[in-house]
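Positions annotated as domain 'Acyl-coenzyme A oxidase N-terminal' by TrEMBL: 22-137. Summarising the annotation, TrEMBL assigns FAD binding site to THR143, GLY182. Taken from TrEMBL, the feature domain 'Acyl-CoA oxidase C-alpha1' applies to 283-444. According to TrEMBL, the active site, proton acceptor annotation covers GLU429. Feature annotation from TrEMBL assigns domain 'Acyl-CoA oxidase C-terminal' to 485-661.
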Amino acid sequence: MEAGGAGEVDHLAGERATAQFDVDHMKVAWAGSRHAVDVADRMARLVASDPVFRKDNRTMLPRKELFKDTLRKAAHAWKRIVELRLTEEEANLLRLYVDQPGYVDLHWGMFVPAIKGQGTEEQQKKWLPLAYKFQIIGCYAQTELGHGSNVQGLETTATFDPKTDEFVMHSPTLTSSKWWPGGLGKASTHAVVYARLITEGKDYGIHGFIVQLRSLEDHSPLPGVTLGDIGGKFGSGAYNSMDNGVLRFDHVRIPRDQMLMRLSQVTKEGKYVHSNVPKQLLYGTMVFVRQTIVADASKALSRATCIAVRYSAMRKQFGPQTGGPETQVLNYKTQQSRLFPLLASAYAFRFVGEWLKWLYTDVTHKLEAKDFSTLQEAHACTAGLKAVTTSATADGIEECRKLCGGHGYLNSSGLPELFATYVPACTYEGDNVVLLLQVARILMKTVSQLASGKQPVGTMAYMGNVQYLMQCKCGVNTAEDWLSPAAIREVFEARALRMAVNCAQNINRAPSQEEGLYELSPDLLEVAVAHIQLIIVTKFIEKVEQDIPGEGVKEQLRNLCNVYALYLVHKHLGDFLSTGCMTARQGALANQQLGKLYAQLRPNAVALVDAFNYTDHYLGSVLGRYDGNVYPALYDEAWKDPLNDSPVPDGYREHLRPLLKQQLKLSRL
Ligand SMILES: CCCCCCCCCCCC(=O)SCCNC(=O)CCNC(=O)[C@H](O)C(C)(C)COP(=O)(O)OP(=O)(O)OC[C@H]1O[C@@H](n2cnc3c(N)ncnc32)[C@H](O)[C@@H]1OP(=O)(O)O
Ligand SMILES: Cc1cc2nc3c(=O)[nH]c(=O)nc-3n(C[C@H](O)[C@H](O)[C@H](O)COP(=O)(O)OP(=O)(O)OC[C@H]3O[C@@H](n4cnc5c(N)ncnc54)[C@H](O)[C@@H]3O)c2cc1C
């Protein structure tokens, strides 16, 4: 737990004393409200104090035990939720702090939202109460062995049989086997299955169906259903607690009313009827989850940076030539230039995630009122932000591991498991490259419409300012000029627009649009990244412009915002220079300003990670302990490894002793 307990010594107290802002108010700025801080705090402590939720031994558990441990934790969490009558908000936070991937994530995160989004009112009335009480467990079975990204290429069939008023679910090929769905392998009783709807001999494409997979009596697979886990995954512990599964159907029959019929229906006679809504609403659950993944990116990156900042503040290496104490590694400028942009990114992703949640809610309300005008904006923002934030977070966690030197490689640092658990976020819910290409296509469409005078809206509104942005010159003359939000915003807008226009022009030179999009896809990726980075920078600037209470809080957030933006300028200087948005000298000034910002951030670094308000249990890291008392903890942790159960290892008699004896004989020769 955090410092303050009897007898604890705060080894980072000196660091905390140098903070130039009110940490308590920063906690509120980070969490979104005082209420959010309090609820999160209560739930985190509830989990941390419960021995069932212990996780320090997780990476040492064999897979079967790890899975059983996940089942136990999930059941215990549910018991506590019911006993304590927790609200939905509290229950979600409790599950978050349990911090172990498991079937419940998919049950609440995808199965329930899929029924809510795609089921009729009648279907919701039937299925949701069962799901809410855990009388059924559900998963989201979309991806197949042969196809994941290309949803329209899925092969599972749902053929309507009007004689019995049923759909026949079938897996016609090996590649049509459902493959990857979380919770499918061992836990789920039901799934929302995506399959090709065939009626009256015609294939109407992909639709969702609720299918029961296992007996509610003894959990055995129902006749015609083949089920299993797809095998061990990357890393120890990590995502191996999840039963990602395989599923095959052999002509399994389900009632007609188990097709999710909000968007389209099949009548008793077998007639296909499509409601007058965009077909893409079928992808609604993915849009919802992508939005939550952006919020999760800031959680994962803030955990990693919290560990790396605290450890870097206590770790010392080398010292002045004249003798004296060694230097805290956090004082090395190289450590700061690698770590502080990640800390700033964690804050940036937090605020853009907050904004994205607002956008998603707004779009949902519009959809309910049959206004589909913002569907494309929602798709572009969720897909693009999911891709950019998860890639940066996965890379950032790995960088934090390196920033912790050798000890970062130990499981007890928490970083290897955090990385292994997090990195599939770059793939699931849409491969990041595939998603960025979706964004780029929308940007190309927007550019092509500019000539006709159509004004882009939402996050693409800046593209309407094309005349100015194509020729404007950055007005920065001194390093301090880079502290102007207007200057930053302008170069990011000009860079994104010019890259998009250049790419569109190159595509137009290709023999066909499709060929151009194909040939220039590597450039398109960069166009999409530039646009998404502009959104993140803009939302951070807008956040800092709000009224933010607490001494020094706004100043710290402004610094972090500037670090984030100028770090991107430095990292992508090639883009800014090649598009003529700024000069090489202005690039050098940006870097100069960045150095000054790092120096200002340094005395606040530990307090800025304290503001995340993570318990030691949630952090799960010996190196990231709140009290900074790392070495005794590292030492103790090593002795807990099963390899240290006995001084002489298993295998000595069979493999070491004969070897050593043989060498003895040889040396006597
Ligand atoms: C909470 C706890 C968490 C839960 C915990 C989380 C744990 C992890 C769970 C992981 C779960 C999963 O991975 S579930 C599986 C996730 N699978 C994926 O994400 C698959 C990714 N693939 C796709 O989304 C799609 O197939 C596409 C977008 C790549 C391609 O689709 P397509 O149908 O072929 O479409 P395409 O021709 O490109 O586009 C046709 C038109 O539709 C638009 N369009 C495409 N997608 C969308 C969309 N979603 N919304 C609106 N519009 C869209 C395009 O802009 C285009 O517009 P216009 O040009 O016509 O105007
Ligand atoms: C841990 C984990 C959990 C998952 N959970 C679920 C779940 O609960 N339910 C579910 O249904 N699925 C789930 N999935 C599946 C996941 O959604 C897919 O793996 C994901 O959508 C990527 O699809 P793919 O595997 O087909 O990759 P592929 O598309 O085969 O990607 C392979 C490579 O091809 C590239 N590529 C593909 N298409 C293009 C293109 N058009 N242009 C350029 N490059 C391209 C990709 O960038 C990538 O480099 C999960 C996956 C993982 C790893």
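Just so you know, glycine gets a Cβ as well, placed from its N, Cα and C.
When Cβ atoms from all protein chains are considered, those within 10 Å of GLY182 (FAD binding site) total 25, not counting its own. With DSSP states grouped into helix (H, G, I), strand (E, B) and coil, the domain 'Acyl-coenzyme A oxidase N-terminal' (22-137) comes out at 90 helix, 0 strand, 26 coil. Recorded residues THR143 (FAD binding site) and the residue listed as 'active site, proton acceptor' have their alpha carbons 10 Å apart, per Cα-Cα distance. Cα of GLU429 (active site, proton acceptor) to Cα of GLY182 (FAD binding site): a span of 12 Å. Mean pLDDT of the predicted structure over the domain 'Acyl-coenzyme A oxidase N-terminal' (22-137): 97. All protein chains included, GLU429 (active site, proton acceptor) registers 26 other Cβ atoms within 10 Å of its own Cβ.
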